[in-house]
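**Q** Here it is, the structure in full.
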Amino acid sequence: MVSNWRALSGLAGTGHAGAVVKADAYGIGIEPAVSALTQGGCDTFFVAHVSEGIRTRAVAPDATVYVLNGLLPGTCDAYAAHRLSPVLGSHDELLEWAGFRQGGAAVAPAALHVDTAMNRLGLWQGEGLSLARERKDTIEAAGIGLVMTHFASSEDVGDPANARQIAAFSHIVEALPGIPASIKNSSGHFLKDCPSYQVTRPGYALYGGNPTPGQPNPMKPVVGLTARIIQLRDVEAGMQVGYNGRWTAKGRRRLATICLGYADGYPRNASAPEGTAGGFALVDGVSCPFVGTVSMDLIIVDVTDAAPAACKRGAAVTLIGGSLDLEAVGAGAKTIGYEILTNLGRRYTRRYVGL
Ligand SMILES: *Cc1c(COP(=O)(O)O)cnc(C)c1O
């Protein structure tokens, strides 16, 4: 993970990469991720919630910690207590924060979020521009130390929305001379003609996700997942498998039941009822399809094509790793790698072998 962060920082030109560690560092664990990144030289973190900011602060006492979801009413004290930086995204948030600062509270610099596409969070670009041009007093009163926007489709290099967002944001940055800026998420690092500004905000790519879908993954894998075979059985043609008998063997098949399921965060959407492709496990490198529905604690895998020697009671099969990268796992569950990562369950035995 730290080597991925270094690689991304290298792509950030004269700026440097921060690290997005929201959602428990995308399922990896905030504390181990932030500790490793801090040791590796990262000094700027982005989380979604104050609670995540507090956990980040506990392991990174000197870092700048931005809370992306912004300022919920009445939370200024929590920000001040933990020296967290709110990412302010509306006039109301700006006013509440500026009032708190004027009351004499010692606080970390805030960020200003300008929305250039998503209609999700942030001042809409027109409002952002007028604020930047005409209300320097408000910017000053709120102690803005960073201005940012977020890409809606940076993983799709062909989407013309990217250039529109880059252009809209550049006007806002120009109107705020001297204030550092941030636009790049993971995929943003691989967009042509996108300025890096001072800070970038990679998340997914740090954890080994592919920021360039459809192209070879420039990042190193970070997460692996294995589960053990608990039982093996042979079924004959016509036999039904799993809850509600959603899969029926067409011939003699060898099935392995492995001990993980949706209670571990492996999506039930990776189920493979009759005629539908679902998830896969790698058994000694051979891709073996799930059959039937994913249960709470168990998944049934058709291991007929795998080497019999690899299909033993107690043998480990791979659910994430090798050719089964996060994108492939996401596709098998009709979702994206991000959701696979952020759902990694608490029930797994977790081993950190050098982040
Ligand atoms: C989640 C998030 C990021 C990180 O996005 P990745 O695609 O995971 O790199 C960056 N900025 C904001 C505002 C985010 O919400």
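Every residue, even glycine, has its Cβ placed from backbone N, Cα and C.
What TrEMBL records for Lys22, Tyr243 is active site, proton acceptor. Taken from TrEMBL, the feature substrate binding site applies to Arg120, Met296. Feature annotation from TrEMBL assigns domain 'Alanine racemase C-terminal' to 222-353. Here TrEMBL flags Lys22 as N6-(pyridoxal phosphate)lysine.
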**Q** For Lys22 (active site, proton acceptor) and Arg120 (substrate binding site), determine the Cα separation and express it in whole Å.
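**A** About 17 Å separate the Cα atoms of these two residues.
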**Q** Identify which of the recorded positions Lys22, Arg120 has its Cβ surrounded by the largest number of other Cβ atoms within 10 Å, counting every protein chain shown.
**A** Lys22
**Q** Taking the Cβ of Met296 (substrate binding site) as reference, which residues of that chain separated by at least 6 in sequence fall under 8 Å from it?
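**A** Expected: Gly261, Tyr262, Ala263.
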**Q** Which whole number is the mean pLDDT over the domain 'Alanine racemase C-terminal' (222-353)?
**A** 97
**Q** Give me the CA-CA distance between Arg120 (substrate binding site) and Tyr243 (active site, proton acceptor), in Å, as a whole number.
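**A** Roughly 39 Å, rounded to the nearest whole number.
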**Q** Using all protein chains in view, find how many other C-beta atoms are within 10 Å of the C-beta of Tyr243 (active site, proton acceptor).
**A** 12
**Q** Taking helix as H, G and I and strand as E and B in DSSP, count the residues of the domain 'Alanine racemase C-terminal' (222-353) in helix, strand and coil.
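**A** DSSP composition of the domain 'Alanine racemase C-terminal' (222-353): 25 helix, 43 strand, 64 coil.
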